Amino acid sequence: MSRLKIPSQLLRGGRGFSVLSRPAANYAGHVPLTPVERCTMAVGSAIGSLLNPRRHDLIATLGETTATPYFIYRLRDAMLSDPTGRRILRDRPRITSQTLSLPYLRSLPPTSLGATFASWLDREGVSPDTRSRVRYIDDEECAYVMQRYRECHDFYHAVTGLPIVVEGELALKIFEYMNTGLPMTGLSAAAVVRLKGAERQRFWDVYLPWAVRSGAGSKELICVYWEELLERDVGELRAELGIEVPPDMREMRRRHRKQKQQEKQEK
């Protein structure tokens, strides 16, 4: 009779591990968790982020606590099987305002990836420095993979044109789920209950079909070395990566508001 093999991670998590005797960190900022702690934090952060989708700290915690033991390894293996992905793992670049010169990006041709990225940051009023550090993934290399995914998120926004409203984040998270398979991105679909009537209808009719189709049909975006493509034409790059541009969400929201105002005036 064959014996059941229990993963060593679970065996280590079940003995000699308490709040007072926590194992040494595997990298700077690492916080080892027991299976019970991981499960508790996953549930708590899922509920908290659903109640308040703007709590990016809870969304980050949900992403880390649900990424193991399988999903982040699958994403790491996808990088290892790709020449560019392997270079990224070797170089370990970071995407911050220190590693990317925003003034330079703004000086690039308007149709370039760099100018598109800088324009999106300026329009949304955000910075590439807002991504928190990974803490709850035990494997140091996989922690970098999660950090890389997190810091590339704004590039996904820029090439799709989706804004950072709840409706836009939800559409992009489904796109990411179809592309990366990370559970947190799929669990974000629960936030559809936070959308208003017109937003919810747009999501079901327009942005969910787009996210499923484009996310599944595009290249593994975790293997894209965005920093080396900043001068590329963004339209050509989208075609190369298989990214379909969704209908302009800001324009659709603007037209809906204008229509509602006209209806009020006619009453």
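Glycine is treated like the rest: Cβ placed from N, Cα and C.
The DSSP secondary structure for Asp154 (Zn(2+) binding site) is helix. Within the same chain, residues at least six positions away from Asp154 (Zn(2+) binding site) with a Cβ under 8 Å of its Cβ are Ile95, Phe117, Trp120, Leu121, Val126, Pro128. The annotation Zn(2+) binding site is assigned in Swiss-Prot to His153, Asp154, His157, Glu169.
The feature transit peptide is assigned by Swiss-Prot to 1-17.
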Looking at Cβ-Cβ distances, which residues of the chain lie under 8 angstroms from His153 (Zn(2+) binding site) while being 6 or more apart from it? Arg131, Leu172, Glu176
Neighbours of His153, Asp154, His157, Glu169 excl. site residues, C-beta within 8 Å of centre, Zn(2+): Phe155, Tyr156, Leu162, Ile164, Leu172
